[in-house]
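Enquirer: Right, I'll just put the structure down here and ask away after.
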Amino acid sequence: MKRVLAIILGGGAGTRLYPLTKMRAKPAVPLAGKYRLIDIPISNCINSNINKMYVLTQFNSASLNRHLSQTYNLSAGFGQGFVEVLAAQQTPESPSWFEGTADAVRKYQWLFQEWDVDEYLILSGDQLYRMDYSLFINHHRSTGADLTVAALPVDAKQAEAFGLMRTDEDGRILEFREKPKGDSLLEMAVDTSRFGLSAESAKERPYLASMGIYVFSRDTLFDLLHQNPTHKDFGKEVIPEALQRGDRLKSYVFDDYWEDIGTIGAFYEANLALTQQPTPPFSFYDAEFPIYTRPRYLPPSKLVDSQITDSIIGEGSILKSCSIHHSVLGVRSRVEDEVVLQDSLLMGSDFFESSSERAVLRERGGIPLGVGKGTTVKRAILDKNARIGSNVTIVNKDHVEEADRPEHGFYIRNGIVVVVKNASIPDGTVI
């Protein structure tokens, strides 16, 4: 795997994940209490023995840069390993921003070409899954493909949201359609049992969806980008073009948990699914294939007379006499007496506040970090460093689906209340 370079696409402005992307790039959005989205593809690469990685971003990349530089020093073992962020930049040849996935790679192809590698692994920075890329790349090599696309078997309902592939029995891609509907969708069905699915599973999931993960052979990638300078997107333009001109395209079927965390609803569900018993769909408890993140050296969490069920609590948290059910709490979370948290995601804090600091804040009419006394929070996301006052109710009482209240420090997306980073919600507020 030393002859593979990974390119992780950080995504655009992250409008579908707004307001979580208000102050950070999409790959830097916190996940599962202590990780960030970018930790998933990077950990998959490290576990697959791929140690050369570039992360392409163009929006709010400060916290992402900080996280990566503090977490991944892959050259310490005297190899050539690195994780480097490449932000969109203007040059005389390309005065514009990244205009799509393929355009982002094209703008930096001068840098990627300098590396003496055989394959380029193109990954997405906003997906939750565990995958051994070495199997994927070996499949690409053994089939003699020019381009291999990772494919996920899906049912008809899910299929409408993806680019779909129709393949022959050897997995060679014959046709590619972007988000087909109706009869156009039915024509894309394939017998997925020949890719290792059981007969029952194959019947339920007869479509192969593109996961947005690709392996390109070196010459194929640069030739496609060079010959088609107006093509901006891999899925919509570059792959159909490669198919049309007769390149050898193969699919690699991945039949395991995979979730695209592109929207607030999907992000919320994916986080809370981690609390499922007895086995969550995705687990961070895997010694063979761990997910890495920044070591923070925090003390253990302290729970005082609390009732907690089906929840995940990040380290360095202090929970007083509260009731927490089916929730995920991030590092350094503070929850005071008589608080009820249900079906919620608290991202925690970036720093501690001492007891004396909290007392002084209260005296001056301020609100300390965390969730104040007597507050009820249901079906909500509280971003980092949120200060929720006492006797606050955050339950979306009017069952609003979408709302923007930036002046009050919150938004509602998919019926979920999202309190923004560093927001202060005064005592007695009802949302």
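Any Cβ shown, glycine's included, is placed from N, Cα and C.
Swiss-Prot lists G163, E178, K179, S210 with the feature alpha-D-glucose 1-phosphate binding site, giving sequence analysis as the kind of evidence.
Locate each feature and note its surroundings.
Expert: Of all the Cβ atoms in the protein chains shown, 15 others lie within 10 Å of the Cβ of K179 (alpha-D-glucose 1-phosphate binding site).
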Enquirer: Using Cβ atoms only, which residues of the same chain lie under 8 Å from G163 (alpha-D-glucose 1-phosphate binding site) while being at least 6 residues apart in sequence?
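Expert: Set apart from G163 (alpha-D-glucose 1-phosphate binding site) by at least 6 residues yet with Cβ under 8 Å, we have F176, R177, E178, K179, A209, S210, G235, K236, I239.
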Enquirer: For the alpha-D-glucose 1-phosphate site (G163, E178, K179, S210), what does the 8 A shell look like? I mean other same-chain residues with CB within 8 A of the CB centroid.
Expert: F162, L164, F176, R177, P180, A209, G235, K236
Enquirer: Express in Å, rounded to the nearest integer, the largest CA to CA distance found among the alpha-D-glucose 1-phosphate-binding residues G163, E178, K179, S210 named in the record.
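Expert: Farthest Cα pair among residues binding alpha-D-glucose 1-phosphate: 10 Å.
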Enquirer: Hey, of the binding-site residues listed (E178, S210), which one tops the CB count within 10 A?
Expert: S210
Enquirer: Tell me whether K179 (alpha-D-glucose 1-phosphate binding site) sits in a helix, a strand or coil according to DSSP.
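Expert: The three-state answer is coil.
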